[in-house]
Amino acid sequence: MTQKDSFPYEFGGPIGTGLNILFLPVLILCLTHWSAVGSVDFTTLPWTTNVDTLAKCIVGLVTWFLFQVLLERLLPCKLVQGTPLQGVFAARKSISTQECLEYRINGHLAFWVTFLVLQTGWIVKHEESGTWQFTSFPLSGLYDVTAELALGTSILCFGLSVYLYLTSFIGNKRLAVPGTSGNVVYDFWMGRELNPRIGNFDWKEFCELRPGLMGWMILNLAYCQKQKEVLGYVSMSMMLLQCFQGFYVWDALYQEEAILTTMDITTDGFGYMLAFGDLAWVPFTYTLQARYLVLHDPQLSITALLAILVLHIVGYVTFRGANGQKDIFRRNPEDPAVAHLTYLKTKRGTKLLTSGWWGMARKINYTGDWIMGLTWCMVCGFNSIVPYFYAIYFLILLIHRSIRDDHACQEKYGSDWDEYKRKVPYRFIPGLV
């Protein structure tokens with residue numbers, strides 16, 4: 001049996017990943033259109049684009065990316081050691097878990113600098129006095145070129161992924177095990193190199209939180225401005241959504257260190273899956289609700305909005321409480337905040353929490369994350385399925401990811417994982433599932 005025959009493929013193997021590479025950019029373009037018209041309508045899909053507009057959007061996207069690179073390079077930062085690396089060295093075909101990479105943590109500062117530039121960085125000439133003034137960027141125009149921005153981003157993601165795939169063959173790179181099948185299409189999707197870098201610039205960690213996540217925030221602000229122009233006011237649903245998602249972006253960047261222990265950083269290579277997901281999927285599908293609200297104000301009652309707010313708080317407390325608890329425990333099990341927690345010590349020496357948030361369910365953080373996402377959809381009312389795409393997709397993603405993680409942990413811990421599941425039998429919701 002060959003390596004390709006025996007390799008534990010995911011995502012439908014080479015055929016499934018090939019279809020994802022082809023059709024995910026098309027899906028983003030469809031969703032962009034449907035969120036504007038408010039329904040799933042194939043007959044009105046625009047099948048052409050203005051090449052000049054597309055070219056300008058690509059230039060703007062590259063400029064935005066380079067701006068974020070400059071902030072990452074130039075702003076003061078905290079240097080943090082990541083977790084011990086795993087992976088297969090290309091030449092030696094051996095696994096090492098000793099090396100730890102160093103990361104520049106300044107995403108939170110980059111967030112505020114970006115916001116400040118958006119508010120003060122646009123220069124206009126005052127008609128009466130003839131003087132030049134600094135004012136906020138006129139973002140509403142992004143609403144009209146969202147399709148071109150999405151298409152341009154997809155093109156750039158493909159180009160970046162080609163670069164990452166080709167450079168993974170140069171030198172004795174540390175490869176991610178899931179991306180070493182030997183099948184070009186599958187490895188292109190999964191990513192061959194575990195931590196591709198130029199000097200100490202880490203492509204994967206940077207793209208995970210910077211251009212796409214803050215691009216999500218900018219598109220949201222653009223749609224908010226557009227709603228004010230079109231409807232003459234900013235709806236309560238739009239304001240609540242801006243608060244929900246703006247806080248989510250800020251929180252992710254404030255807690256930037258926490259991603260260093262996630263599967264994206266420690267296990268998966270940086271290929272088309274993560275490049276497209278971080279840079280295209282996040283900013284153009286996570287903004288569907290705000291784009292929908294531009295022309296469709298559901299006019300929800302104050303009571304309904306308050307109920308959604310309470311549900312959102314429950315989701316956030318669950319999500320951040322669980323992730324924060326795990327992160328503190330991994331870094332210092334003797335910290336007073338987690339010292340009282342019980343755990344199962346595996347034969348590998350790893351400690352698996354069996355009380356606190358993680359005693360309730362093995363993926364309790366996923367539950368909190370999904371609840372927050374559901375509330376983003378609920379502020380759009382119930383007249384269209386389009387804003388609920390995120391909740392549906394994210395539920396499927398989290399279930400699939402939990403299965404991947406369960407399989408990886410079974411391989412890693414063996415009988416200890418079986419014992420852990422006996423101690424924490426529920427996956428998502430205590431007492432139910």
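Glycine is treated like the rest: Cβ placed from N, Cα and C.
Per TrEMBL, transmembrane segment is recorded for 12-34, 109-125, 145-166, 230-250, 270-288, 300-319, 370-396.
Sequence-distant residue pairs (6 or more apart) of the transmembrane segment (145-166) and the transmembrane segment (300-319) include fewer than 3 whose Cβ atoms are under 8 Å, leaving the two stretches without contact.
With respect to Cβ pairs under 8 Å, the transmembrane segment (230-250) is most closely packed against 370-396, considering the stretches 270-288, 300-319, 370-396.
In summary, the transmembrane segment (300-319) lies against the transmembrane segment (370-396): three or more C-beta pairs, each 6 or more positions apart in sequence, are under 8 Å. Residues 40-41, 44-46, 146-147, 150-151, 154, 183, 185-186, 188-190, 272-273, 276, 280-281, 284-285, 288, 291, 386, 389 of the same chain, all 6+ positions outside the transmembrane segment (12-34), place their C-beta atoms under 8 angstroms from a C-beta of that stretch.
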